[in-house]
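Asker: Below is the structure I would like to discuss, written out as structure tokens.
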Amino acid sequence: MRSMVPDYLADALADVEPDTSGALADYIPELAAADPGRLGAAFATVDGEVYGAGDVDVELTIQSISKPFAYALALADRGFDAVLAKVGVEPSGEAFNEISLEPATGRPRNPMINAGAITTHALAGVAGLGPAGRVERVLDGLSAFAGRRLRVDEGVCASELEHAHRNLAIGHLLRSHGVLTEDPDAVVEGYTRQCSVLVTTRDLALMAATLANRGVNPRTGERVVPEPVVRQVLSVMATCGMYDAAGDWATQVGIPAKSGVAGGLIGALPGQIGIATFSPRLDQHGNSVRGVSLFGRFSADMGLHVMEVPPPALGVVRAHTVVGSGAEAVRVVQLQGGLGFAALERVVREVAATDMPETTVALDLSTVYSVDDVARRMLLEVVRRLTLDGHDVHLVDPEVLVPAPDPGDGGRVTVVGSVDDVLAARRHRAAESGAVR
Ligand code: GLU
């Protein structure tokens, strides 16, 4: 069978292709010379599969899509406190090149607007690194997110630098507030080099997938940034990634995202996929027109909105039975699905409400596929309380979802591979004690 995913992507591109509204960014002459007809889309899964259609191997400059990644590097290199002291996390609701500094402190409101991104660039790498070392650090970091060595488009960089008056002004303003503590021209030049890094739509999808995969590049296996950094970056993308269109985007598309003026757009859906599109014509907010349409369609077609309500945990107790009779009887509570707080609360409620005359209780995880930390702790507390109530508790855990379970004070648990093992052990014990036959 041939996968339907590339066909789906090709269909989606064909649907948006006729829309030639919007305009190329013209404040950077090199970008104004781009081919406006380019169109591509790619999905990268968290296990490294990449699907693409259209111009997915054509290079474009990353532009503002570099901002969340440079922010991630700064957080990883300098720590949260040092970065938060210099750049806030409040949506400005303003355009990308708005000054948006907090009146009292001069701190940029968030790292997705230029003022914040210029500051963030200065925070990449260890303290004291010069401008060249910082650019190297950012290039290395962006390359690690993409899983291949990236390079700067010198033509676009020079073209933007010639017209970087506004960013230079922002840089000097930041310097005057003491947010930047060094030569602002060098920082703006470094930031411009960061924006001029060449990527393909495929690269962008993998970079987004690295965020979706908790900071580990799904292709190379490299941990690029720690998990708490990813959570911070995705949160800021969700609230500030689409500039003054952030609210529309959050309600209609609902995928943490970032756009760039060269026409790229990425979205990272935690635990699922990284998505990237490329189409250079921009709307009045500076976001790719066809990219925004494609993301709207992807989100609706595939239920990718992060606020899409997951199926309720009601079915977590798959079966609740008593196997065997008399002294051999075993109470089996078979759980299913992915276990989190809501699921475990159902289990706790059901176990608490059940009168259990049987000594042996088996909590069967053989049709469970994941147990998160709070579910694990609640499950072990169920074990402990059942032990204290006089039960002999078994955990059927063939996939070792709860390694080395320790129910703590007064709790005891026997781990087995199947319910049959519990029954065999029970029969053995019953025979030994002479309770039966
Ligand atoms: N290099 C561009 C600038 O700072 C990036 C803007 C964008 O992609 O939104 O003006």
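Please read every residue number as a count from 1 along the shown chain.
Quick reminder: no glycine exception, Cβ is built from N, Cα and C everywhere.
Taken from TrEMBL, the feature substrate binding site applies to S64, N114, E160, N167, Y191, Y243, V261. TrEMBL lists 328-396 with the feature domain 'STAS'.
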Asker: Using a Cβ cut-off of under 6 Å to any atom of ligand 1, determine which of the binding-site residues S64, Y191, Y243 qualify.
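Answerer: Among S64, Y191, Y243, near ligand 1: S64.
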Asker: Just checking a number: largest C-alpha distance across S64, N114, E160, N167, Y191, Y243, V261 for the substrate site, rounded to a whole Å.
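Answerer: Farthest-apart Cα atoms in S64, N114, E160, N167, Y191, Y243, V261 are separated by 20 Å.
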Asker: Please give me the CB contact count at 10 A for N167 (substrate binding site), counting all chains in the structure.
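Answerer: So the Cβ neighbour count for N167 (substrate binding site) comes to 23.
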Asker: Let me check the 10 A CB neighbour count of S64 (substrate binding site). How many other CB atoms are there?
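Answerer: S64 (substrate binding site): 24 neighbouring Cβ atoms within 10 Å.
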Asker: Mind giving me a neighbour count for Y243 (substrate binding site)? Other Cβ atoms within 10 Å of its Cβ, every protein chain shown.
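Answerer: For Y243 (substrate binding site), the 10 Å Cβ neighbour count is 23.
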Asker: Mean pLDDT across the domain 'STAS' (328-396), rounded to an integer, is what?
Answerer: 95
Asker: Helix, strand, coil residue numbers for the domain 'STAS' (328-396) per DSSP?
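Answerer: DSSP composition of the domain 'STAS' (328-396): 30 helix, 27 strand, 12 coil.
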